[in-house]
Amino acid sequence: MYPKIQHIHFVGIGGIGMSGIAEVLLTLGYRVSGSDLSENANIKRLRDKGAHIQQGHTAQAIEGADAVVTSSAVKRDNPEVMAARALRIPVVPRAEMLAELMRLKYGIAIAGTHGKTTTTSLVAALLGAADMDPTVVNGGIVKSLGSNAHVGQGAFLVTEADESDGSFLKLSPTIAVVTNMDPEHMNHYGTFDAVREAFRGFVSKIPFYGLAVLCGDHPEVSLLAEEMLDKRVITYGLSDQVDLQAVHIRQEGIVTHFEVIQHDRHHGRESRSLGTIQLNMPGCHNVSNTLAALAVAMELAVPWERCVRALAGFGGVQRRFDLLHQEAAITIIDDYAHHPVEIAATMEAVRNGYPQQRVVAVFQPHRYSRVLDHMHDFCRCFKNADVVLVDEIYRAGEQPPEGPLGEQGAIVLVEGIRRHSSAQVALLADDARWGLDLGGQLKPNDVVVFLGAGDISRRAHSFAAGWSQQTDPKTV
């Protein structure tokens, strides 16, 4: 980076995307400061590495900064942003800073409505297994790293590309991955055509020598692959129309086995089996994510045997089918799923992994706008649950809308799920009584799955701690 820039300040530094970039810059030797409204583990980790971070936002916080980095969640009237502009200090969007880091390496950017974080982690693991030591900026905590970031000495930077506000268009990766493309973040895009155009623009930015790795199972992404006439493209998926295919998928508990077939229709070569993979994650969606990572690894000539070993030892990502507690009495899982497609995939994986056990879903809806946009699908995505307990909607800064959802909250969703599911569905008790309520619903051998992108993970860990300490979980 230009030598005049030495001190970089992050507004909202505790966010998962911001903290990863901040950690990379710290490791590269920059002075990093930041602010956030609340404390969390990301902030503690950055402080331990030398960042100066204050709680709350004040104009004085940017003192000495050469640049101020913001996420899309930071408003224009934030006192630190206003102070920076008054002092003519550059205010840099998070994605622009990530793009600057990508200029120093060959970029591998993983985009998609779902599966970005897991796929990013898998790509990093496969490159690491080949001693390529990539730099990593992820949207979740990789368990093997204990962080969402890593500064490697290799030639590649692997990152999650966030499409939520269109800022992934600032990136210029060498390899672009698209896992899927569903209607989401419509408050930003307005129409699904705008979403399609954004993903088209993202993939189009790869150079002529680059590669687009696209999920051929998803109809929208498959159409995108057909449009990329002047780009190198590899498709992957479970269907027999793709270049890299998974077959003979078998799930035992949370372990999945499958065979990988490579097709080469463009050059007339015969299809061949590459071998069998053992993956310590359940679900066809994770098989698909793994195929994407394998496609990237094969492009970079990672030996197959190293891929097999790396995947067998892959420890996963926090809050992605995160097994918090397992014993004969109960199994407790924490998962980030908050979109109907994600919830359906997670619940199917749970049902396949625990076919003889009762499945209890504890769901915290995230944002009024998302519930309104996807109400039809939210009411139908819990078909693999026996019990569904719905928490109040996590606002994430949104105000209640006019109409039944704003007036009655999550009870509207409870009633909708009841109409379209055979599960027992109820509203979870308030903060003071939720543990008592949940504990009273459980039976021996139940599988409890906490779902959501808000603060539901805190409850999941609290509830699991109660069981692990052999205390009464109804009191947590």
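Placed from the backbone N, Cα and C atoms, the Cβ positions cover glycine too.
HIS114 (ATP binding site) is surrounded by 23 other CB atoms, counting those within 10 A of its CB over all protein chains shown. If you look up Swiss-Prot, you'll see GLY112, THR113, HIS114, GLY115, LYS116, THR117, THR118 marked as ATP binding site.
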Other than GLY112, THR113, HIS114, GLY115, LYS116, THR117, THR118 themselves, what residues in this chain have Cβ atoms within 8 Å of the centroid of the ATP site's Cβ atoms? ILE110, THR119, THR179, ASN180, ASN289
Long-range Cβ environment of THR113 (ATP binding site), under 8 Å and at least 6 residues apart: GLU163, THR179, ASN180, MET181, ASP182, GLU184, HIS339, VAL341
Judged by other C-beta atoms within 10 Å of its C-beta, the most isolated of the binding-site residues THR117, THR118 is THR117
Under a three-state reduction of DSSP output, how is LYS116 (ATP binding site) classified: helix, strand, or coil? helix
